[in-house]
Amino acid sequence: MESQVRQNFHKDCEAAINRQINLELYASYSYLSMAYYFDRDDVALPGFAHFFKQQSEEEREHAEKLLKFQNQRGGRIFLQDVKKPDRDEWGSGLDALECALQLEKNVNQSLLDLHKVCSEHNDPHMCDFLETHYLDEQVKSIKELGDWVTNLRRLGAPQNGMAEYLFDKHTLGK
C-alpha cells in the first residue's frame with residue numbers, strides 16, 4: 001500500500017536512510033560490546049564502561065529518530081542484519097577510544113553522504129533534519145574522542161596502566 005503522506009521524498013533518500021539506520025545500530029552494538037568488555041572483572045574500568053554504555057544508547061536513539069523520520073515522510077523501513085562488532089576484545093582504553101574515533105568518523109562520513117543524496121534530490125526538509133539532529137553532534141563527538149586519545153597518549157597509555165586508571169577515574173568518572 002502506498003503512503004498517503006509521502007511528498008518530495010525520493011526513493012534514493014529512503015534507501016539511504018535505511019542504510020544509515022543499519023550503521024547507527026551497528027555503532028550501538030559496537031559500543032555495547034565495548035561497555036561490557038570494560039565492565040569485566042579482569043579489565044575493571046568503570047568509567048570507560050559507563051561512557052561506552054551511554055554511547056551505545058545514544059547511537060540506538062539516533063537509529064530510532066531515523067526510523068521515526070522515515071515513517072513521518074511516508075518512507076518504508078527495511079531493516080537489514082546488523083553486523084557483529086569487528087572484535088570481542090577491545091584491549092586498552094586507548095585502543096577502544098581509537099576504535100570509537102574511527103567509528104564516529106565513519107558514521108559522520110555516512111551522514112555527509114546521506115546529506116549529499118538529499119541535497120541532490122532537492123529535499124530541504126531532510127537536509128535540515130540531518131543538520132539539526134546529527135551533523136554538529138558528530139563533529140563534537142569526534143573532537144572529544146580525539147582530545148581523549150591525545151591526552152591518554154600524553155599520559156603514557158597504553159604502556160602506563162596508571163594513566164588509564166587515572167583517566168577512567170578523573171575524566172570518565174565525573
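Note that Cβ sites are derived from N, Cα and C of the backbone, with glycine treated the same way.
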Record says Glu59, Glu104 bind Fe cation 2. Source is Swiss-Prot. Which of Gln7, Gln20, Gln80, Gln138 does it list for that same site?
Gln138
Residue from Glu24, Glu89 that Swiss-Prot also lists as binding Fe cation 1 with Glu59, His62:
Glu24
Give the residue counts of the domain 'Ferritin-like diiron' (7-156) per reduced DSSP state, in the order helix, strand, coil.
114 helix, 0 strand, 36 coil
Cα distance (Å, whole number) from Glu59 (Fe cation 1 binding site) to Glu104 (Fe cation 2 binding site):
10
With a radius of 8 angstroms around the mean position of the C-beta atoms of Glu24, Glu59, His62, what other residues of the same chain does the Fe cation 1 site pick up?
Leu23, Leu25, Ala27, Ser28, Glu58, Arg60, Glu61, Ala63, Leu66, Val107
How big is the gap, in Å, between the Cα of Glu24 (Fe cation 1 binding site) and that of Gln138 (Fe cation 2 binding site), rounded to a whole number?
12
